[in-house]
């Protein structure tokens, strides 16, 4: 029996990430090859013409799973009846801008979009915040969409998770699909902690620990961490534009695993509302290792945290607490 279409909202849809993301969703990369979708695309009025161009291309691509397209600059129209919301639109930090200025702009954007989702999204709507500062934008959205359960509001750290997998696969010259269970802890910023202490690689003689195979602790605690933390900046330097393709692909991975489930024995990184696990202050949106089943995520419990890791987990939590205070000061 044919499935009912799922309505998926992408904000900032005329931008680079949106342009890479919407065809992936329409092709079934996000929700599977048998799940029809209706795309809701939102952008700001100055981007209305470009947004219409994206809609024209979606029509021209004749995606069999795409059952409709809503392209609009009106938040209410965009949010009406959506089942999944991917919040890509945000105010980027420009040269010479203070963090508080960026935070203030994003607080007002996320406040209005949260209100539209609160009033008009379908029950059980799942939200993924991509726009930076992603963790804190997600927290603001949660504040102004109180009827959306906190477990349904997440932020993207899967891009960092995938970057960590990529670095290990290149270092060991193995398939990236054979590496699993890296962890991104904390903020989607340069304080995030990419952790390989529990990661493994599938080898002909069974699963082996990444640390045992790499045999280079100095690299794992030094260049590896720095490369993952600063990969976004390195891509901007090389491309003269921020990472769009990889961000779009990881947003698909995040939603797909959340909705369809993670493979047995595999966890992924998601920015979720902290319940105090691993002594991370509750009330922050923080990246943890999670497993997903039946559309629900669950933090992986009981992992050993060494002293080096503890300091890293605390450092990124401190930054998130500061960001939270800054964001809430913009609300008053």
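Keep in mind that glycine also has a Cβ here, set from the backbone N, Cα and C atoms.
All TrEMBL annotations are machine predictions without curation.
Remember, it's a predicted structure, so these values are computed and weren't measured experimentally.
According to TrEMBL, the protein has these features:
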ACT_SITE  188  active site, proton acceptor
BINDING   12, 13, 14, 15, 16, 17, 18, 43, 106, 130, 131, 132  NAD(+) binding site
BINDING   93, 99, 132, 163  substrate binding site
DOMAIN    6-153  domain 'Lactate/malate dehydrogenase N-terminal'
DOMAIN    157-325  domain 'Lactate/malate dehydrogenase C-terminal'
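Taking the features listed in TrEMBL, we show where each one sits on the structure.
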residue: 12; record: NAD(+) binding site; Cβ neighbours (10 Å): 24
residue: 14; record: NAD(+) binding site; Cβ neighbours (10 Å): 25
residue: 16; record: NAD(+) binding site; Cβ neighbours (10 Å): 17
residue: 93; record: substrate binding site; Cβ neighbours (10 Å): 16
residue: 99; record: substrate binding site; Cβ neighbours (10 Å): 12
residue: 106; record: NAD(+) binding site; Cβ neighbours (10 Å): 24
residue: 131; record: NAD(+) binding site; Cβ neighbours (10 Å): 23
residue: 132; record: substrate binding site; Cβ neighbours (10 Å): 21
residue: 163; record: substrate binding site; Cβ neighbours (10 Å): 22
residue: 188; record: active site, proton acceptor; Cβ neighbours (10 Å): 29
Looking only at C-alpha atoms, tell me how far residue 16 (NAD(+) binding site) is from residue 188 (active site, proton acceptor), rounded to the nearest Å.
19
Hey, what's the widest CA-to-CA gap across 12, 13, 14, 15, 16, 17, 18, 43, 106, 130, 131, 132, the NAD(+) contacts in the record, in Å?
18
Residue 93 (substrate binding site) to residue 106 (NAD(+) binding site): how many Å between their Cα atoms?
10
Within 10 Å of residue 106 (NAD(+) binding site) (Cα basis), scanning recorded positions 132, 163, 188, I find 132
Looking at the recorded positions 99, 163, 188, which has the shortest Cα distance to residue 131 (NAD(+) binding site)?
188
Closest to residue 163 (substrate binding site): which of the recorded positions 12, 14, 188, going by Cα position?
188
DSSP tally for the domain 'Lactate/malate dehydrogenase N-terminal' (6-153), helix/strand/coil in that order, comes to 70 helix, 28 strand, 50 coil
CB neighbours of residue 18 (NAD(+) binding site) within 10 A?
25
Quick one: of the recorded positions 12, 14, 188, which has its CA closest to the CA of residue 99 (substrate binding site)?
188
